[in-house]
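S.K.: Annotations for this protein, taken from TrEMBL, read as follows:
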- Ser179: active site, nucleophile (ACT_SITE)
- Asp352: active site, charge relay system (ACT_SITE)
- His383: active site, charge relay system (ACT_SITE)
- 85-389: domain 'AB hydrolase-1' (DOMAIN)
- 1-22: signal peptide (SIGNAL)
Amino acid sequence: MGRLTVGLSLVLILIAVQHVSAKKSDDTLVNSNLWIIFVVLITKSEFFQRHSIVKHGYPVELHKVTTSDGYILTLARIPAAPGKPVVLVLHGLLSSSVDWTVQGPEKSISFIAADAGFDVWLGNVRGNTFSKEHESVSARDREFWRFSFHEIGMRDLPAMVDYILESTSSETLHFVGHSQGGAAFLVLTSMRPEYNSKFASVHLMAPAAYIHHATSPALELASRIDELEMFAKLTRSFEIGGRGAGSSMDLMYAGHKTGLVPTDLVLTNIWYFVGAHDSINRSLVGDILANTPAGCSVYQLLHFGQNFLAKSFQMYDYGAEGNAQRYRAKVPPEYPLHNVTAPITLYYSEGDIFVPAQDVEELADRLPNVVQKFKIGSRKWNHIDFLFHFGAHRLYRMVVASFSSQNNGQSGEDA
């Protein structure tokens, strides 16, 4: 079902040429920077996945996993010795595996878990920069993009879990999911309850299930469902935030790299959507922009918008006729969360305007096996601080420590 990929890819090469202008009439020199950007070749950027780990001195493997409906996903692995306990970390909307490495050793959860002796796997869901392949459909086709977080939960996550457990000869793994990654886990284990037993422990950071108290402008945009869908059809563009030669995201990255797009402008735009954020390591902004956002389907955004309006965690709404065909009901059914029996720890923040604290607490009330809840009281800890806050490593160490306590009494270092 999968194969280990080898070799490096060619990447975007930026060449900055500084030009010194001629003397003005007052004999003073006026220095101006003229930046010439040469795009040599862009591939799926496997280089970035490898480099984001190897540059810090850690080994890495890239694995290809094919889902039951033909999507080819890439998993990045920081291998441990045989028999070590296994961890799968899954990103959120518009994100990728690289976001779990960008802060570097002793700061990123991937390296903290690897240092503790765990076999670390980083997932990439369909449609992001590193998982844009399919057995029979091109990413240029609309058909490729016909999915939401429902398919990620029903198809991508079980393919990852099964592949990892088979590859490591393990019976269970620990799971960390941020935002959409948490929603995908809830979809899988509610709809296919047999998967609950495959998770030794589950750690959901700001899981995007119930989001009806959200105040982020992103949800206001996503809730304009008819307009979004009409725009996508008219422009034949069903990918949002994608990367590639000439894409707005890569142009922004290039502009920031060359100094044409100031860091303050980048952060102001991010804060507008995710809320106050004064604890990011500003020196990492360029590294973050290199791969984030990593692209998603418009239908992922629409599904979140539907749930926001419905004040529910429910399946995709295809309209009355489509729902009748798929669900035998006029409205989509809610996900049966009573089936989610894996042991879950929830992490959430008072300052998250995308997945508000009260929505996570509603989720906790509906889940049968929440073993712990950790609420971050700061109103300046926002949705992406779970990834990029310079103090997030303290949270990660707590998470990794709980892997050990829930691993049949064995620690990652001693197992």
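Numbers here mean position along the shown chain, with the first residue as 1.
Yeah, the Cβs are placed from backbone N, Cα and C, and that goes for glycine too.
Where the annotation comes from TrEMBL, it is an automatic prediction and has not been curated.
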S.K.: Same-chain residues six or more away whose CB lies under 8 A from the CB of Asp352 (active site, charge relay system)?
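M.R.: Listed in sequence order: Ala206, Gly275, Trp381, Asn382, His383.
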S.K.: Looking only at Cβ atoms, how many others are within 10 Å of the one on His383 (active site, charge relay system)?
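M.R.: I get 28 for this one.
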S.K.: Mean pLDDT for the domain 'AB hydrolase-1' (85-389), rounded to an integer?
M.R.: 94
S.K.: Taking the Cβ of the residue listed as 'active site, nucleophile' as the centre, count every other Cβ atom within 10 Å, in any protein chain shown.
M.R.: 29
